[in-house]
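One structure below.
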Amino acid sequence: MFVEAWMVFAIGNIKPFLALDMPHCFGGVQPYSCSQSAADAVTYVEVCGIILGMLALGFFADVIGRKWGSRLASSVMLLGGILLTSCAGSDSTFLAMFLVSLFVLGMGVGGEYPVASSSAAERAEGSKAMRQRRGETVVLTFSQQGWGNLSNTLCIILLLAMQGATGAEVTPKQAEITWRVQFGVGTAVCLGLTAFRWTLLQESKVWSAERHDVAEHLPHKGLRTASRRHYLLLLRHFWPRLLVTSTAWMLNDFAFYGHKLFQSNFIAIVIGEATNFKRKLYTLLNSGIALIGYYAAAALIDRRWYGRVRMQAAGFAMLFILFLLCAALYDTLTQHTAAFQVLYYLASFFNQFGPNCTTWLVAGEVYPTGVRSFFHGMSAAAGKVGALVAAAAFSHISARAAFYASSAAGLAGFILTALFLPDTTGLDLHEIDRMNRYLLEGHLRNYHGEAVNPRYLSLFERWRNYDEHYNPERDYAHKQLQLHPHLAEATASLASLASAGKEDFNVHEPLLAALARKLGIRGGGDGGGPAIPADAVRVVRKSFDARNVQRSGEATGKAWVYLVDVESSALKAAGLRRLQEHLGVLERQQQQPGPEQAPAAAAAAPAGGAQRSGAAAEPVVVVGCGPAGLFAALELAQAGIKVVLLDRGQPVEVRGKDIGALFVRRHVNPESNLCYGEGGAGTWSDGKLTTRIGRNSDPVRHVLSTLYRFGAPESVLVSGKPHLGTDRLVRILKAFREYLISLGCEVRFGTRVDDILVKGGRVAGVQLSDGSTIAAARVVLAVGHSARELYRTLLHQEVAITPKPFAVGFRIEHPQELINQLQYGAEDAAHVLRGKGPYPVAEYRLAAEISAAAAAQAAAAVGGGDGSGWLADDWYQPLLASRTEGAAAPSGGSSSSSGQIVPTSTSEEELCINGMSFSRRDSKWANSALVVTVQPADWEHLLPEHGPLAGMALQQEFEREAARRGGGGFVAPAQRVADFLAGQAPRQPLPSSSYRLGLRPDPLHNFYPPHMTAAFVAALARFERQMPGFASSADALLHAAETRTSAPLRIDRTAEGLESLTLPGLYPCGEGAGYAGGIVSSAVDGLRVGSTIAAELTGAARGLDPAAFKVKGGY
């Protein structure tokens, strides 16, 4: 602001010297050597440039960042200063160059206003101590304007004194030296400022983080459309504030111009005809008085008892009084010079100790970060419009009338401030940004924080009921999921019957009582309340335990099990001095980022980071638009890397129609179906988000938080068994896609990759199904578990592939009411109400390891003899049947809770099935995967022909057999569980089923090889003992065939670089590469691969610690 003020006031200070230097152009001496109207337009041209700079650079500072906005402002100022200093030629040529230079300089000066104010306000948010002095910091930054004015005036005085021009006569040569040196000094200082900003200036962390957050809270459109929607939403909500900040600034500049008029009248009255030198001395004195006003404002601006609103209102009121006195006493002022001087200096003081400082400050505080600079620029531009209006109006009226007009502006400013200006004294700017996120999501009613606290609102906003949703207690609970890091130092696990239902994650008094008992805290808190206050407890996870057991004296029977974080300060205040830690019961936790901060890598990623090694011209190609591909692309795009995301299938909107055609007309699109397309195989599945790779690990929290920001319900962050459902996944995927596009990611659907291009022993790109190619040195292969053609291509390319165990089996289905009764009992099952009641839909997870003896016994029971010849003594088959929200794509142990069975075939010659559910989970049926592990011995006979793809060939054999037994048309072979166990022909008719394409009775007990069937029989017998009715119910039904639970192979890659062992530049990723098993684990692997490539290309450290990706206990 020092350079800006120097340059601005230099224009006003040099006008007398230009008149002396070029009297026939600027001095009004005839004959005129240039256009007099152009010469008179000097002030207007400068102000027009300033207005344009305020708007344009203010806008760009919100789009490209404060750092780049600052660089542009000072660079434009520097260019204007150089042009002004070097103006030469004839008077008319000089004038033309002078006007152009003034306009350029004005743009830089104007841009400095919003950029400097926004940057200063945001840098003051670095700590609590700085935040409490934010107003002081910003005003002191603004005070550099006073120092610039004072220094510029002092420079002129020194130049005149050094040239001996302190008398009445100043020669044209002395005048030229004065104004050129004046601009030259300002330009030199601007050069130093520009050099600093281009080399050392850091980006505003508040802007960087908020830009990322706002973009993620506008998931429905690309950034281009989202930005328009962003501004429209904010204009609709903040128009009263924009009106008051703009109008107040206009009134201030109008009155300030009156003060400039006051200055010329003051000098004329007090000292009469004076030399330029003497006039500058009085101007210097006035600048000193004004500077005192800046520092008085800085001292009191953050005091709550005075603050922004009172300071601005008092300043306007004093200008009203002082200018009114000047107008009323104008005719007698020459007789009372002492009183006149007092009025003059008081006006200078209260203009700074009032609206001049507060308008600059408040316009940078009352708006969200994403539009702060632009809205500040609009307010400042309105101020300059006020100055232009005053300049035009005052030239046509008398001095007394001008003082009356300035007084009226002071009165209007006082009224406007008192009624419409919000008082942001003490308000955390992050709160305005939080409110902005709720506004962008269309959930402003759910914001209960300090930004709508009545103390921070204007009278008008309170009258409009902006504060009707203010609720600090509810806001505290929301903050734990949005902004704040983990406050807890202790984590406790406890059970309580108290809950408002499965969707309620609030902290209630019965829960606080159970927590106090758990920790051994006796007595209540102040006023008889709970010993531990609710705002000191955060629910980390909540799940329903249907077992009828005694839980450490806390609850008997069914109960909600909570994992909660408790602030250590609250424990100490409750009298608990020592915590006896016990693993799984009470543990001390280090501070961890909350769910809204989990994507640290994304937040920290540069908006446009530069790629290294000359690779910037080529994109990173990501093949596959499932969880792994999406998160890999997201990580890369957020690092500023060019990404091309390819998928053979269609976007979810079109894919849904293709799937509808499968259900209705039995027509399968081989390129767009339940396996191929946006979201991968998991889109039309259960949408389960459970995982075994560490529920609280940073990568998993990152994934869940990202899904939440794109539209997933808040429960995914807290629920013990988070679940989305296909309907929610469709909306989330569309938001995800639009955000990727907004980051510059190129997304192509209906684009199948047929080959990997190789040059010089490493990846050179991909060849598409239409014959075209995309050059790329890095290809992320996230194709899912059904990309069989591409697997064959990779094998032909001699990419290292290793077969691995996978699981096959059936979908087992029961009426949901039966599962509810088996798990809860008949009485409590009535509370489920098909997903609408307080109890969640019942679930189960069953697993068995079948020994050789048990399998042999089961084989004999189904007519398979004693099993000799295919059972080794140490052989066993692990078999899983689960009823838990797990990963998205079908995998061993996955299940569909209260959903339906769907065909996941990719051709009409094959039949495979999976489970799917919607978010409501209100289906009549419950189905899960009943699968057995396929071992290397099972595909050994296929190795000579298929090599590493032998497991895949075995999958296809089972799927073709299922299609044959079903009779075609995707009809599924089915059999009652009871008949399967008895080894008898299926009884007809079959029970009703959720499978919409029809069932055909079939003896599934001979579908799989005998040793697999024996494992199924033994496991079902064990499950029947654990859940009586599970296998014996006449409604329990098996469907064939569940085969694609996971990829039957692994594309080998390096441990650190994650590249193919044999083809550098190829990055196998996700479930299809054999490194994941569901939505979350696939997304985490994509995140890991994307982070690794981004670190390599940008040279930056990985956003998340590589150790955090370590798999814990499988997928």
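Including glycine, each Cβ sits where the backbone N, Cα and C put it.
Unlike curated entries, TrEMBL annotations are predicted automatically.
Per TrEMBL, the features are as follows:
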- 1-425: domain 'Major facilitator superfamily (MFS) profile' (DOMAIN)
- 41-60: transmembrane segment (TRANSMEM)
- 72-89: transmembrane segment (TRANSMEM)
- 95-116: transmembrane segment (TRANSMEM)
- 137-161: transmembrane segment (TRANSMEM)
- 181-201: transmembrane segment (TRANSMEM)
- 281-301: transmembrane segment (TRANSMEM)
- 313-330: transmembrane segment (TRANSMEM)
- 342-362: transmembrane segment (TRANSMEM)
- 374-394: transmembrane segment (TRANSMEM)
- 401-421: transmembrane segment (TRANSMEM)
- 886-899: compositional bias 'Low complexity' (COMPBIAS)
- 886-906: region 'Disordered' (REGION)
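Of the two recorded stretches, the transmembrane segment (342-362) lies close to the transmembrane segment (281-301), with three or more CB pairs under 8 Å once pairs fewer than 6 apart in sequence are set aside.
Panel annotation: around the transmembrane segment (401-421), residues 240-241, 243-245, 247-248, 251-252, 254-255, 257-259, 261-262, 308-309, 312-313, 316-324, 326-327, 330, 355, 362, 386, 390, 393-394, 458-460 of the same chain, lying at least six beyond its termini, place a Cβ under 8 Å from a Cβ of the stretch. When pLDDT values are averaged over the domain 'Major facilitator superfamily (MFS) profile' (1-425), the model yields 78. Contacts between the transmembrane segment (374-394) and the transmembrane segment (95-116): present, as 3 or more C-beta pairs lie under 8 angstroms, all at sequence separation of six or more. The transmembrane segment (72-89) makes no contact with the transmembrane segment (313-330): fewer than 3 of their CB pairs lie within 8 A, with pairs spaced 6 or more apart in sequence. Beyond the ends of the transmembrane segment (95-116), by six or more residues, the same chain brings 1, 3-4, 7-8, 11, 25, 34-35, 38-39, 41-42, 45-58, 61, 66, 69-70, 72-81, 83-84, 87-89, 141-142, 360, 364, 372-374, 376-377, 380-381, 384 to within a C-beta distance below 8 angstroms of the stretch.
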